[in-house]
């Protein structure tokens, strides 16, 4: 008992310091939250503290008494985030020109071109024959024979090759990286027109290089003249928490997220090593991540109208610095009900007026309604038509097969088995359910297929498109979401499993093949449910010097057509097509007297359209556009 008391007394004496107070128990070491769930490392025996070390009276280490086992942050990196005690310091990289390889800058009024980045070059430009990037085809030289119509005052002379001027030397290098050898007809005319500061309304065949037609001259000007100084932001009272605005210099509006993503990728490709930072925003994706991406740079912005309006309302984007406004696929945006958003963006926000900016409109078709809209958006514009507006490419061999609905699957399998080109096959259907159903059917028959439609998430769509472009799934079943504007390389066969309700949609869908001078094939499944498109389809086949089946002529003649000037029909979507002559798809400059509508031109209208003839045109009594569905994320298709 006495021994126990002696041992206890000794233990108490050891825990008493010189001032007579007991030492407090040692607190456990602080563990950062991101390390708390990890398995504890083996306990290390701490080295003996030097004799001079003693805890300070406050219990905190002082510079003179800090244990040598604690990590000291070097002064050179003390400002950086080193992740807490014990973490390894991150040394911030510095670059010769102040920007990482692949990115340039603008300093002291000079364009500082960035260093080359081989990883970025492989990603953006690909390699010869990789299947992801399309080269010009065997019929590319035939583009020189395509008729070109230009109207307006003081039209600049076209260019015949990519040269400086009018193209900036930095852009010329990027054009070579992309293996572009000769400008297409629309580029030959649009490059000098835009470089001359003129507004432009351009109409060209699908796959004719419209995107390069506006990107090349805009980027050349930006490379040459540099960025504009953003206006001074007024203090909104939110302090450090207020949203940081971005001020794009060029704005490209397009109807669908796929198309704006494609334009953005082209912009990245040709803005390589420059000070210009392209950005993209669209509906159906996380808006927070898009806002963070905008903070990394937003000089050339590609956007869908709905998402752009959303970001303007949030105070993230200002249009005060816009010098170039591009409306791509303008007719499609109006068809999808985006006119209110477009008018708000152009007329009601802080975008400079029509006299202070340059406005360009590009599309495969320009009906009269679009040309009327252009009056308020463009000033003294030049009207450019390359080839017959709304026509199909002669590089496409068009076939029309009569097949009842119950036999379509069997004929589709026969076509796939007979396919010898080894290229990509695009199958168009009308509904989202049919896209998934037909894709499942093809997979069950041992065909590698994928699908894309409005109900798939953006991640799923991008994955499907990549699988298709790379050849892992060489068959893509798609709704109208992929019908307009998308540049899918190396499509050799387009199959219209379901025919659209008007010939303009037919033109755009088969235009996914036969691009950039390459040859392609289209096969349309036709039956008596498609007689409303029969007569126009015959005319289109004749124009492109294609074979017209006799059964198609007989079925089309069975349908009675009303109206004057050769008649007209009213399609199931309410579109009315008049007979007679003229540019049926609205391809002439309406400023010229007696232009493309003189002989009973085509007019579009939803609800209450009318059968044609004469020179009548305009919206039907129940017309107007369908309700604005916001962004392209709406499942209108």
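Each Cβ is built from the backbone N, Cα and C atoms, and glycine gets one as well.
Predicted, not measured: the structure shown is a model, and the values here were computed from it.
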Between the ranges 560-598, 599-637, Swiss-Prot assigns region 'Disordered' to 560-598
Other same-chain positions with a Cβ less than 8 Å from the motif 'DEAD box' (328-331) and lying at least 6 residues past its termini are 210-211, 214, 252-255, 259, 263, 361-367, 370, 373, 484-485
Cβ atoms other than its own within 10 Å of the Cβ of residue 208 (ATP binding site), all chains, total 25
Cβ atoms other than its own within 10 Å of the Cβ of residue 209 (ATP binding site), all chains, total 23
For residue 210 (ATP binding site), the number of neighbouring Cβ atoms whose distance to its own Cβ is within 10 Å equals 27
